[in-house]
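Database features (TrEMBL):
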| type | residues | note |
| --- | --- | --- |
| TRANSMEM | 33-55 | transmembrane segment |
| DOMAIN | 37-502 | domain 'Major facilitator superfamily (MFS) profile' |
| TRANSMEM | 75-95 | transmembrane segment |
| TRANSMEM | 102-120 | transmembrane segment |
| TRANSMEM | 126-148 | transmembrane segment |
| TRANSMEM | 160-180 | transmembrane segment |
| TRANSMEM | 192-210 | transmembrane segment |
| TRANSMEM | 321-341 | transmembrane segment |
| TRANSMEM | 361-379 | transmembrane segment |
| TRANSMEM | 386-405 | transmembrane segment |
| TRANSMEM | 411-434 | transmembrane segment |
| TRANSMEM | 446-466 | transmembrane segment |
| TRANSMEM | 478-496 | transmembrane segment |
Amino acid sequence: MYASREDIGYDFGEDSKVGSKPTKPNPNIDGGWAWMIVLSSFLVHILIMGSQMALGILNMEWLEEFNQSRGLTAWVSSLSMGITLIVGPFIGLFINMCGCRMTAIIGGVLNALGWILSAYASNVHYLFLTFGVTAGIGSGMVYLPAVVMVGQYFQKRRALAQGLSTTGTGFGTFLMTALLKYLCTEFGWRNAMFIQGAISLNLCVCGALMRPLSPKDPREKYVVRSDSEENRTKALSHSTETIKSNGVLGEEPEKKEEAANEEVLGSVQHIEIGGKSGSGRSMYGLRLFKTVSQLTVTVRKGFALWYSSYFGAASLFTNRVFVAFIIWALFAYSSFVIPFIHLPEIVKQYNLSRQDNVFPLTSIIAIVHIFGKVILGIISDLPCISTWNVFLMANFTLVICILTLPLMQTYVGLAVVCALIGFSSGYFSLMPVVTEDLVGTKHLANAYGIIICANGISALFGPPFAGWIYDITQKYDFSFYIAGLLYMVGIIFLLIQPCIEKKQPREKSTEEAQ
């Protein structure tokens, strides 16, 4: 069905490929700085996913402030959640060109800017641009690197590491719900968003912690740098083979481009070494030209690798199980997001505000969600347990809870269902592991970008659709029923496609035997 984690090779950088000697295992894999990466990813989930899951508090404030329909107002929250995930494939391009650290730092600045500008909103449409688009893009630029870096730093305990880091969503939802309630009560929702924007600047610190993997021995770095010409030639030739195998560029154009790049960089380096006696101004110009040339080569190479992953002959879309995984993601995430946005309003309709103020239902989901991620991560790491089976069972439980939620009209009943939703939605910690099992470590950034893009589309249309159904029927029941049924369709795709994949090799072997 898909390769196991043990069968997948791990690629920790070009230096290990271009050298003639095999590199020793990096001490930071499964230990050392890897746990700082988990901490960084944990904080990212608190500040981004946690605050987004607490947007139901601000949604009620916006309804009172702007007097718009529930369907229109819900677009603010859904745009922020959706764009955070939809930009995933394009963030993969940024990661290929400038790395996870720089991408995350820029994203942290954009996210904080979106929160701060939203404090001056005069209407809902203004929030669409500032909070939905600006803060959403910034969140996406931090979220994807946080997930990818954990996958790069862990081999044996990857599911547990992803589970620990993504528990930040649960902690963040619990903390941000209480924080936003307090800030809105004491200072008003505008000042609350301004303060939250200042807090979001800590995402830049989280991005700075995302140190790229480096060779174990410092002498290896020296060798790589001193033999830059040889390594550059081998790296570019390796890149050529990769791109050709993916069907992006033809053999002759790629060879010409590669030769041109080597000639430019080599000539600049030669002139720089031989021109030490030249004037400072001319040397500065040469260094500037060399920097621009190297940047151009990096951008071209990053774009070629990004393009080959999505549109090449060996693209990710040729993997049928992965395509089924994408279809599942298009329907799944909205079922998880809708309760967070609309539960505060549902509680108000059922006259359960007093009990909910003591212990909010969204906080119940968040707290149990923490345990769900850790426990499911530990279970899936057991050698006798299939991660795929754990993933499917959690999905089945979640879809049953979504279909059952409208039937509960007491606080105790809603609390039980919300607890089950929180635990079963812990499968989110398994998504990077399942994705990597399907496509391998090399394509994890781009593949997971596609998955969260599909989740983003689901989050984008889910809450407004639920609000639109309420505007028509004056009830949220049909919103949950329709979302649950669509979710079930996605799960069926996950079940059918692996069976087809298994059946086809058997048919081929039967034909060969005949």
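From the backbone N, Cα and C atoms, a Cβ is placed for every residue, glycine too.
Automatic, uncurated: that is what TrEMBL annotation is.
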Checklist entry - Most CB pairs under 8 Å with the transmembrane segment (33-55): which of 75-95, 126-148, 192-210, 386-405? => result 192-210
Checklist entry - Which stretch from 75-95, 126-148, 321-341, 478-496 shares the most C-beta pairs under 8 Å with the transmembrane segment (386-405)? => result 478-496
Checklist entry - Quick one: do the transmembrane segment (102-120) and the transmembrane segment (192-210) reach 3+ CB pairs under 8 Å, ignoring pairs fewer than 6 apart in sequence? => result yes
Next on the checklist: Can you work out whether the transmembrane segment (321-341) touches the transmembrane segment (126-148), with the criterion being 3+ CB pairs under 8 Å where the paired residues are 6 or more apart along the chain?
Outcome noted: no
Item to check | the domain 'Major facilitator superfamily (MFS) profile' (37-502) [mean pLDDT, rounded to integer] | outcome: 78
Checklist entry - Thinking of Cβ pairs under 8 Å, which stretch from 75-95, 160-180, 478-496 has the most of them with the transmembrane segment (446-466)? => result 75-95
Checklist entry - Under 8 Å, at least 3 Cβ pairs, sequence separation 6 or more: does that hold for the transmembrane segment (192-210) versus the transmembrane segment (126-148)? => result yes
